[in-house]
Amino acid sequence: MEAEDEVSLREQHFHSQVRESTICFLLFAVLYIVSYFIITRYKRKSDEQEDEDAIVNRISLFLSTFTLAVSAGAVLLLPFSIISNEILLSFPQNYYIQWLNGSLIHGLWNLASLFSNLCLFVLMPFAFFFLESEGFAGLKKGIRARILETVVMLILLALLIFGIVWVASALIDNDAASMESLYDLWEFYLPYLYSCISLMGCLLLLLCTPVGLSRMFTVMGQLLVKPTILEDLDEQIYIITLEEEALQRRLNGLSSSVEYNTMELEQELDNVKAMKSKLERRKKASAWERNLVYPAVMVLLLIETSISVLLVACNILCLLVDETAMPKGSRGPGIGNASLSTFGFVGAALEIILIFYLMVSSVVGFYSLRFFGSFTPRKDDTTMTKIIGNCVSILVLSSALPVMSRTLGITRFDLLGDFGRFNWLGNFYIVLSYNLLFAIVTTLCLVRKFTSAVREELFKALGLHKLQLSNNARDSETSKPSANGHQKSL
């Protein structure tokens, strides 16, 4: 009997492993397909040749797609775990959700951590060096020569990073045990290095997310139709049509030898046509879309941002009075045993919405920064090198998203796998400073956003706008005379 029970347990364990592997494979396959369509939408079409470079581009494309799929999985990791916990709590004995268990959740977290390390330290550097390689001098040109050069560059890069981390560890923690532990590549070195990368990713999120939260109002304002209050759209369309016709006549009258003026006028004509299409879209929009959707979306963004700041403020108070609020060291009940939200399923849904909102805001803020503005992908006009840079940036942001959400107190779901083993998560001063900086910087960005119009009027009233104290470049562009002599005052 004992032998039969042991065989039965082994069969159950085997079937459980096969089921979990199949689920993970299907989830990743869906993410990979979606990521492939996203990348091919932005990839430059001129890169598609039928030669050696085409093979290199294709391999780099597959590696970039894999990385973007891992990034999407890291973003969905925490929301999927939160909703799974609430489902298991609500339907503990349901036969149709037996596949959703703690083992599957822990496996997804471990796979996300493993693939994030693989993409960040192996696949993306390989794709970049493979794309830029030409083969060593004296060797026969071809794929093998480029692979050899790429492998050599990866080895040199690994030695350089290993030396940097060794020196940093010696400066920060001058201990013989910590120095010897660096010899253990898998158990200490890679987790320690990934902990440093995670800290840098959280710092990047700390820089991008507040900017993105304030920028989201502008982005949604550009996507939606604003209400027409004291505006005559017909008159504006008439004026812009006259300006378009004047530019078109002037462009047709120029000779082809004046290349600079022709390019300048074509750019001006494209801007006028874009403005005309926006005005026509506003005119065709229904009254419900103009007067209801836009205010509702703006109010919703304001509520989500306010809730995020309030949750961070409450987390700061909890950190000061309760040690269990620390993201590291808090080991709550297992998955499906207790709700981690005060308001149950509604609170879990709110946490998921806030997590996605923070991720979208961080991406918007990332591309809004001047330093990363050149990384912005363009449809059908993005090189593979820029795609690799974008995939690495998104991977760093998405891998740090669960850590930031737990550190800020957006959710109480414990970090599983290697995500909860970062050394800096146990430092009270780092966690408290992170929460304070996020609350302060977000508040300042929002205040600056909503008081920009008042500041512009004050500068104009005091005559300080001539000194260009306001760094709004669009205002200076809109006051510039156009090519036909009329001033752009729309």
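Note that Cβ sites are derived from N, Cα and C of the backbone, with glycine treated the same way.
Under the heading transmembrane segment, TrEMBL lists 20-39 (among others).
TrEMBL lists 59-83 (among others) with the feature transmembrane segment.
Annotation source TrEMBL lists transmembrane segment at 103-131 (among others).
Taken from TrEMBL, the feature transmembrane segment applies to 151-172 (among others).
Sequence annotations record features per position, and here TrEMBL assigns transmembrane segment to 192-213 (among others).
What TrEMBL records for 292-322 (among others) is transmembrane segment. Here the transmembrane segment (292-322) has Cβ contacts under 8 Å with residues 213, 216-217, 220-221, 224-227, 350, 353-354, 357-358, 408-410, 428, 431-432, 435-436, 438-439, 442-443, 446 of the same chain, all six or more residues outside its ends.
For 342-367 (among others), the entry in TrEMBL reads transmembrane segment.
Residues or ranges marked as transmembrane segment in TrEMBL: 387-404 (among others). Proximity of distant same-chain residues to the transmembrane segment (387-404), defined by a Cβ-Cβ separation under 8 Å and at least 6 residues beyond the stretch ends, is recorded for 39, 42-43, 60-61, 64, 67-68, 70-72, 74-75, 77-78, 112, 116, 119-120, 124, 127-128, 131, 197-198, 200-202, 204-206, 208-209, 327, 355, 358-359, 362-363, 366, 372, 375, 377, 415, 419, 422, 425.
Within the chain, the transmembrane segment (424-447) has long-range Cβ neighbours (under 8 A, six or more residues past its boundaries) at 195, 199, 202, 206, 209-211, 213-214, 305, 308-309, 312-313, 315-316, 319-320, 326-329, 403, 407-409, 415. Under the heading transmembrane segment, TrEMBL lists 424-447 (among others).
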- Can you tell me which of 59-83, 103-131, 342-367 gets the most C-beta pairs within less than 8 Å of the transmembrane segment (20-39)? 59-83
- Positions whose Cβ lies under 8 angstroms from the transmembrane segment (342-367), at least six residues beyond its ends: 75, 78-79, 82-83, 85-86, 90, 204-205, 207-213, 215-216, 219, 304, 307-308, 311, 373, 375-376, 393-394, 397-398, 401, 404-405, 410-411, 413
